[in-house]
Amino acid sequence: MRLQRILGLVAALGVITCICAFHTTAAVIIPLEVLGHVNIEQLPTITAQSPSSLIAFPFDESFPMTCEAKGNPEPEFRWMKNGQEFDPFLDPRLMKEENSGTFVIPNNGNLTEYQGTYRCYASNKLGTAISKEIEFIVPHVPKFPKETLDPVVVEEGQPFTLKCDPPKGIPPLQIYWMTISLQHIEQDERVSMGLNGDLYFSHAVEKDSRRDYCCFAAFPRIRTIVQKNAMSVIVQTSTCQSSFFRRPSLLTPSSARSETQLVKEEDLKLECIAEGFPTPQVEWVKVGHRLPIKAKLENHGKLLIVPRVEQEDSGKYMCKAKNALGEAVHYFTVTIEGNYSMGYNVLIKCSASGTPQPTITWRVNGVPLQEAPAANRKVLGDTILLRNAKASDSAVYQCEASNRHRTLLSNANIMIMNLPPMILTKEGEDYSAVEGKGVMMHCKVFSSPPSTVTWYVCSCLPHTSREQFAVHDNGSLEIYSVEKGDTGQYTCLAKNTEGSSAIDTMLYVKDPTRIVVPPEHLQILIGTTAQLSCLAEYDESFKNDIELLWEKDDMEIALNYTENSSKSVKLKWNPGDNHNSSTTEFIIEYEESQWEPGNWKELLRVPGNHNSAVLKLHGNVDYCFRVSGVNSVGRGPSSEPTERYKPPAAAPDKNPENIKIEGHLAHEMDINWEPLLPIEHNGPGLEYKVSYRRQDLEEDWQEHMVKRHSFVVKNTPTFVPYEIKIQAKNNQGWGPDPKIVTGYSGEDFPSAAPDDVAVEVMNSSVVKVSWTRVHKDKLHGHLGGYRINWWRLRSLVDSKKSHGDKHTLTIPGDRNHAAVPGLTPFSEYSLIVMTFNGRGNGPGSHPVNFKTPEGDVQKHTVSLVWAPPLEPNGILTGYLLEYQLINDTEEVGPLQTVDISNPDTTKWTLRDLEPVSKYKLYLRSCTTVGCGLVVSEECTTTLETIPALLNVHSAVSDSFANISWISGGEHREFYIAYMNNRKLIFFPLFCPDEKAKACQSHRVLFSSGLASIHGGISTQGWFIGLMCAIALLTLIVLIACFVNRNKGGKYSVKEKEDLHPDVESQGMNDDTFCEYSDNDEKPLKGSQHSLSREIKAGDSGDSLVDYGDEDVQFNEDGSFIGEYAGRKEKRVSAEIKATVQTPA
C-alpha cells in the first residue's frame, strides 16, 4: 500500500501498513524475472495514473486522464465520474487509447462539462484495483485566509512553533520563511522548517523577537507566490538561566513509534525535529544494519532521505536527538507491500491520524467490504484479519482515510500462493575484493512462503559464524573485511515448505596496491636534471590495468605528450611582469593569412596560473599566435607573434547547420542551409551532399552533390514529409555523419471547406459561429487557421434587399468556433467559413443565413469587442482597460481602470456612463511581466433604442377600426394615430407587464356625431361641391407658401442643424463597438423615432403635411401607416423639443 504525503494539511493522514502475522519475513513483490519463467496469475496493479489534481491550463492543448495497470490476465478498465458510471467511448470528442484505461480531454474551450472527480477501476478475474480520485479542475489563484494573528509570547529558552498552513494549490508547493523585506529567516540546528512548512525553534533566544515572520507559499506551475500575514514573536527575558537547560524531546513526530509503508522506487523521507537546551543533535541509525549507501541527510541532519527504495531498504530506523542532559528517540518501521502464503493468518492494518480524526473505509476489489462478505475475514477497527488464508482470498484491498481536509487512498495486493524457491541471481558469478575491503555476494530469491537462505563455503558448514559475515533479508552475503583465506567457492541454498534451490559463486581476494618506494625530497642546482622514483606493488591480475599518475602542487602532470600533432598544437609562453597585480587570465589570439590577413581574433582564454595551452585548429590554415595577460587593472600588451604554423589539410570537422525546408510551389521543396565558413573548409574542394527521401515510405536516399548552399527538389507530391541530411566533403574526405532533419514539400490550396457551419445569435450585434474542422488530408499544408466572411443582405425594418460590403474575421490556429461582432441589429446576414494555409484560402462553405434581433441595450453603455494578440510574447494573463470622458473640451474626466483577469475574455461592456457623451478608451494585453502597447478608440454613448412596429394592419367600419401590429419584443407603451376631417389624432395605449405580449391589437371607437356626418352630409351634392372649392383654395395657398419659402432659403433651425449636428440623432446598434469600424454599415440617421406621450390630444390639429414637402402615406381607409424618416424626421426632432427620443 502507498503512503501519500501532503505538505501543510491540517490532517496529516498517517501511514497505511500491511503486516503478515506469525511470520518474520515481510511480504514480497513478484519480480519480472519470475514472470519470465513461470506463468503466475497476478492481481491488477495500477502502474500509472494522473495526479490527484489535473489542472486545465488554458495554454495546454489537451489533458490526459491516465490510467494504466498490469496484471495476469490483462486487466479491463472502467471509469466513475462523481460516483456515476462514465464511459469515455460514448463521447466522440474524447480521444481514447486501445488496451488502456487512458483517455484525453481536448482543450476545445468547452471544459466545464468535464469538471468533476474521476476514479479508474482495473479488473481481472482475481480482483479489482482502483486509482486514487482524480479531480479535473480549472486553476485559480490560491490565497491565505485573511486573519488576525495574535503575537506568540514565549519565555527565553522555551521551544515554540510558527504554523504556516499553506493554502491548497497546484503542486509542487514550495515554502519559504522570510521577513517583510524579503530576507530569508536564517535556519540552523536550532531553527528549521519541517516537511509540513512549519518553522520549529528548539529554544527561544532574545534575537527571535520580531514582528515580521512571513510564510511564503510558491506555486511554480502557475507562477504564483502568496504570503501569509506577518506573525509576531515576543521573547520574554528570563532571569533564571538554569531553567534553560533541558533534555531533548521531539517536536515532530510526537509519538514514540510510527509506521511507514512504501512501494518500490518511491523516496523514503523520515524527519525528526527536537527541542531542548543546549540544542540537540540528531543521529540516524538503521537497527541491526548500516544505513543504505544512497541515504543522505538534509535540514542540518534532521531529515533522512533514501531515494528510490528497494526491498532491502525496509526495516526499522531510529532517530536519536541528544544533548549533554539526555536523549530522545523515535522508531520508524518501514515495510513494503507484497504477497502472502496459504495457511497463514494475514493481518492488514491501516493506521491514520489527523485533526479531526480520519474515518477509515475498507473496500475489496473496489467494493465496500460489507457488500463482499467472507467467513474467514474479520474487521477489527483499522485492521482486517484473514484467518487461514486461501488462494480464494487473493484480492486488492483498499483503505481510504478521510476527514474534511483530504482523502488518502492506498491499494494492497494480497496474493495468496505457494511457490518453491526460485533464485534469480545468475549461476557462477565471480566476485573480486581487495584484502581488507568489503564485498557483497548476491542471492536474490523469490518464493512463497518466504525461504530461509543459508550460505556455505566449499560445500561445508554454513559460513556465517564470523562477525565479519552477515546475511541480509534479501539473501545477499556481506563480508565486511575479506582475508586471503576467504578465497573460494560459495553456495547459496534457499529452502521453504515447497522445496529448495541453490547456486554457486566464486570469490577472489586480491593483494592491495601499495607504493613501496615513494619519491624523496630533492635539492638540485638550476639547469641540472631531477629524477624522482615511484615503485609500487600490486596484484598480478592488475598488470594490464595499472597506471602511474604524477602530480605537482595538486595539479596532474601529463607525461609523454606530443608538442604538436595534426590539427592541434601546444603553445607555451613565459609570463611577463605583472606590475604588482596577479595575472588573472591569459588571452590567446590568432591571425590567418588567407581569408582575413591582419585581423586578430580571440581563440582561447586560460587561467593566470597557466603558461601553456593546447589549441585545436582547422586544417590548411596558415596560423600565427600571440598572447596577452589580464590583471585587475586591465589587459596588457600582446606578445610578439609566433612563427606561422599550417596544419595539414583534413576532412571537414562539421556539417552545415540551420537547415531550412520550404515549399513555395505545390510540387517543389526548397532546401537551404548555412554554409561552412571559409576557415572551416579544412582544405580545398568543398562540396555538399544533399540526401533526401520520403519519410512515410521505405525508399532509398536520393543524393546530389552541390557547391552552393541551396537545392530545389522538383516534382514532389504536395505537402508530404521528407527526411533531409546534408554532409560536407572536400578533397581530403567526408565530414562526420550528418543529422537527419524533417521538413515538408510545397503546400497547395486547401481542397475542402468546413462542414456543419452553425450560427448562434448571442445578442443583437454578436453571433457565435461554429464548424467542423477540415481534415488534415484536405489541408495540403500547415494549417494557418480559419476565415469567416459575412455580408448584410437586408434590414428587417423595410425588407429592402441591399447586398452590403463583405467583412472578414481571421481566426489563427486549429479552432472550431469564433464570435462575429459589430453586426447591425434587426438585419438579415449571410456568411461562409473557409480554412487557409501558407498558400492561401480554401473553398468557402455553403452560405448560412441568419437574422439579428432588435437592439435592446441598457442606457448609457459602451460595448467593446477585440481579438487576442497574435504574438502575446508570453502567457496571456488578462487585459487592462482604461477610459475617460473627453466631450470635445479642454478638460477631460478622470481616468477609470478595469482589470480584466480572464485571458479568454474578448468583449466587455462599460455601464453607467454619462448619456450622450464622448469617451476615449485604451486597451492593453498583459502577461506576468507586464502590459504591452495600448490600442485606443473613441465612442459616444446614446439613449435607449425604441424599435419600430412591423406589419401594421387595419380594418375600418363606420363606428370603429381594428388595428393590429407586431412589435418585435415586449413593450408596454404604444401610440395610435388616425385622421378625421384632416385632423391627426394621437392617443397612448398602456399595457401592464403581465399583458405585454398580448398588446398586439386595439379597437378604436368613433363618436356618433362623426359617424352621422360621415353617413349623411357627405352624401349631399352641395356638400361635395363646397369641399372641392375649399380643397382648391387650400391647394393655392399651399403653392404660394411653398414658392415663398424657397425664395427665403433655409430655415434657421436647418442652419443650426447643419452647423451643429445633433449627436442624439445618430442611430446606433444595441452596443457601440469600437473595433470593427472599417466597412461597417451604419443605420440611417434619425430612423426609428417615435413620438413622446407628452403630445396632448388638443395639440393634434396640425397636419403631418406641415412637417415636410412630400405627401404623407395613408391607407385607403385613411389610417396612418407611415413613420418619419430621413430629412423630414430630423425636422420633427428640431421643432418638437424634448418630445422625441433618439435610439440608444
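Placed from the backbone N, Cα and C atoms, the Cβ positions cover glycine too.
Marked as domain 'Ig-like' by TrEMBL: 44-135, 139-232, 248-335, 343-415, 420-508, 512-553. Taken from TrEMBL, the feature domain 'Fibronectin type-III' applies to 555-649, 655-748, 846-945. Taken from TrEMBL, the feature region 'Disordered' covers 633-657, 1079-1110. As annotated by TrEMBL, transmembrane segment applies to 1022-1043.
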Contact call for the domain 'Ig-like' (343-415) against the domain 'Ig-like' (44-135), three or more Cβ pairs under 8 Å:
yes
Any residues 6+ beyond the ends of the region 'Disordered' (633-657) with a Cβ under 8 Å from its own?
564, 566-567, 569, 571, 573, 576, 579, 581, 587, 589, 591, 593, 600, 617-627, 673-676, 680-684, 686, 688, 709, 726-736, 738-739
Mean pLDDT over the domain 'Ig-like' (512-553): what is the value?
78
Counting each residue once, how many in the domain 'Fibronectin type-III' (846-945) are helix, strand and coil under DSSP?
0 helix, 41 strand, 59 coil
